[in-house]
Amino acid sequence: MLGANSSSLTPRYFILNGIPGLESTHIWISLPFCFMYIIALMGNCGLIYLISHEEALHRPMYYFLALLSLTDVTGCTSFVPNMLCIFWFNLKEIYFNACLVQMFFIHMLTGMESGVLMLMALDRYVAICYPLRYSTILTNTVIIKVGLATFTRSVLLMIPFTLLIKRLPYCRGNLIHHTYCDHMSVAKLSCGNIKINTIYGLIAAILIGGFDMFCISISYTMIIRAVVNLSSADAQHKAFSTCTSHICAIVITYVPAFFNFFTHRFGGCTIPHHVHIFIANLYLLLPPTLNPIVYGVKTKQIREGMIKLFSREKDIFSMR
């Protein structure tokens, strides 16, 4: 096997094949992905800068949004530059350990994003159901603690992925039909028993995605009950409008995530492989691209903060 260590059956490197069957159109395919990545970088970095500099946005809701933006921009950066190198320069080789690192960060950061969305749902629950105690419940100390707990959960649950991949023997070649190192794509190259990998993948998905979706569902059930009990239709609309951006972010994140998860394990031959890879890339790139746009359009405080920031920068520039 090319690049393999025959004594351990561990490849020295893998070859990421991009989107198989569409190699001739890689350049054209790369353009929308590159554009989305630029939008994601600008949008998320802009949100982080805005939240850190605008005192009016120094509130729990926006701290969680900044954490989501940081997770998004780090997550897409963990695979998009490498994917563009495959499409533009045909640089398909990735060392075994580098592949494990990429796989760990991609899965850890997607788990982190799910956790942050769950924390944002709890934030909306406290804001709507306990408005008078909002600032005393969600203090800066509590926000730091729950953020660290979410990060720790993602790290601890994703470490076994790298260990399970490292223990496998690889004798089915080193060609990965993908644009990045995904756990199951790498595991399927092994000639060993990958049943444990499959089972643990399901367990991790349930402990992260399943648990987070359960918490989000409970939070919104309580929110709907509280909103329905409000006295006026105007108050109901105002209360629920604070949740619309978050609901959009949930849909943008979880719909392609679940599609990617189930097609990887149960799609078999029914879904063309290039379609699955497109969805897998959109699953990682769509939320970082659209989340800043959704929050920028639908959140009045962010729009006002952006106007203030641009006005301030314009005044400083005109004084020079």
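Cβ atoms are placed via backbone N, Cα and C, with glycine included.
TrEMBL entries are annotated by machine, without manual review.
Here is what TrEMBL records for this protein:
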DOMAIN    43-295  domain 'G-protein coupled receptors family 1 profile'
TRANSMEM  27-50  transmembrane segment
TRANSMEM  62-89  transmembrane segment
TRANSMEM  95-122  transmembrane segment
TRANSMEM  142-165  transmembrane segment
TRANSMEM  199-227  transmembrane segment
TRANSMEM  239-262  transmembrane segment
TRANSMEM  274-297  transmembrane segment
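Counting Cβ pairs under 8 Å to the transmembrane segment (239-262), the stretch among 62-89, 95-122, 142-165, 199-227, 274-297 with the most such contacts is 274-297. Below 8 A, the CB atoms of the transmembrane segment (199-227) and the transmembrane segment (62-89) form no more than two pairs separated by six or more positions in the chain, fewer than 3 in all. Contact count against the transmembrane segment (62-89) (Cβ pairs under 8 Å) is highest for 27-50, out of 27-50, 95-122, 142-165, 274-297. Note on the transmembrane segment (95-122): residues 10-14, 61, 64-65, 67-68, 71-72, 74-75, 78-79, 82, 146-147, 150-151, 153-155, 157-159, 161-162, 165-166, 180-183, 186, 204, 208-209, 211-212, 215-216, 219-220, 246, 249-250, 253-254, 257, 284, 287 of its chain, located 6 or more positions outside it, place their CB under 8 angstroms from a CB of the stretch.
A Cβ distance under 8 Å defines the sequence-distant neighbours of the transmembrane segment (274-297), meaning residues of its chain 6+ beyond its ends; these are 19-22, 33, 36-37, 39-40, 43-44, 46-47, 65, 68-69, 72-73, 75-76, 79-80, 83, 106, 110, 113, 177-180, 182, 245, 248-249, 252-253, 256-257, 259-260, 263-264, 267, 303, 306. For the domain 'G-protein coupled receptors family 1 profile' (43-295), the mean pLDDT of the prediction comes to 92.
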